[in-house]
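Q: Provided herewith is a single structure, encoded as structure tokens, for subsequent inquiry.
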Amino acid sequence: FGIRRTVKQQWFYWFVIILVFLNTACVAAEHYNQPQWLSDFLYYAEFIFLGLFIFEMLIKMYALGPRIYFESSFNRFDCVVISGSIFEVIWSYFKSESFGLSVLRALRLLRIFKVTKYWSSLRNLVISLLSSMRSIISLLFLLFLFILIFALLGMQLFGGSFNFPEGTPAANFNTFSIALLTVFQILTGEDWNEVMYHGIASQGGTKSGMIYSLYFIILVIFGNYTLLNVFLAIAVDNLANAQELTAAEEEQEEEDKEKQQAELEKELEALQNNADGPPKVEICPPSPGGENKMNSKGDGTKDTEEAAENQEEDMGGPKPMLPYSSMFILSPTNPIRRAAHWVVNLRYFDVFIMIVISLSSIALASEDPVREDSDINQILNYFDYAFTGVFAIEMILKVIDLGVIFHPGSYLRDFWNIMDSVVVICA
């Protein structure tokens, strides 16, 4: 209990903060062609800081107990960083060379984040950002799909055409990897207009190539001015959440202090009463609302069971067929339509289509836009026939099952089906 009280003292808090900043200063002091005495000093200082951080981790783990210690995400982060640093030191001892600036060596830089544990407002900002990671990850995946699509489109439009007599610029669409970097460069706004001018010049100049500027304009408008600015909106929202969390913590601290003061006064009164006479035994009545809590618990259990039953009812059984004649020819009892309905509603039908889409995207990225008559392009051309055939069969089956457009639920009344049909027909 004495050690636990010590690690919660204000001086211990500032001691750890000073260690973090001194460690940061030592890491920042390392530079090229530094004197030997500085190299030796930084070498031994690294072991000193590592030992102090290990001592801090062990003493807190002993004071709090392993279970309570690892309940904190920051404590788990500290343990991972310190364990990685220990492994790097052991590796450097048994091997002639260190990892250098490898991942494990760079883990010591993450110790700087220890300051967020003792800075409440900064810690709340980190917590708010982590709590919104689901939205950020979804947005990142959408941005990656956007970059992927425009990189493949750029390969189809400008692949092999940026090879000018004066040389090929660094930003081009000759390969899939370079096309990804070129699209990312355009989204960051770094000299994107120069890439656009190269695209116009590669397609015949201002007379016949101006139409190709729409590719870059759409990319900048939807990518830079729309998708990337959503990150800023999420960040601003997280800042507001962090400020609210900090204010709530301050209010909670005030309430805790008031409760502690009230409890201390009650204990003093009880001590005075005990000094005046024999202690009185009081029987505590049952907590108010206890029965209501049990009843609400039972009601919640019933609601959960009903929701589970409703979910099972919704998920059970195949999707019913539309009660309309498909294309005014195939009734709901037609065997051809029933077979098409059975196929498109198979459990793994959508998974199979997603796999084909992924393989088709990989085939597009593997094409060689510089040499159109290369062997790889001829092989991928046959794969393109197969992929187009699969997508065409999917569209035909869905049209047979759902109908074309004239009744509710038909094929062309869904936006994604319209996009699929345009792609398949053009292919």
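Backbone N, Cα and C define each Cβ position, glycine as well.
Here TrEMBL flags 10-245, 347-426 as domain 'Ion transport'. The transmembrane segment annotation in TrEMBL covers 12-32, 44-65, 136-158, 209-236, 346-365, 385-406. Under the heading region 'Disordered', TrEMBL lists 270-319. Marked as compositional bias 'Basic and acidic residues' by TrEMBL: 294-305. The feature compositional bias 'Acidic residues' is assigned by TrEMBL to 306-315.
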Q: Can you tell me which recorded stretch out of 12-32, 136-158, 209-236, 346-365, 385-406 has the most Cβ pairs within less than 8 Å of the transmembrane segment (44-65)?
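A: Between the stretches 12-32, 136-158, 209-236, 346-365, 385-406, 12-32 has the largest tally.
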Q: Have the transmembrane segment (136-158) and the transmembrane segment (12-32) got at least three CB pairs under 8 Å, pairs 6 or more apart in sequence?
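A: Touching, no - the transmembrane segment (136-158) and the transmembrane segment (12-32) miss the threshold of 3 or more Cβ pairs under 8 Å.
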Q: Going by DSSP, how much of the domain 'Ion transport' (347-426) is helix, how much is strand and how much is coil, in residues?
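A: Tallied per class, the domain 'Ion transport' (347-426) gives 61 helix, 0 strand, 19 coil.
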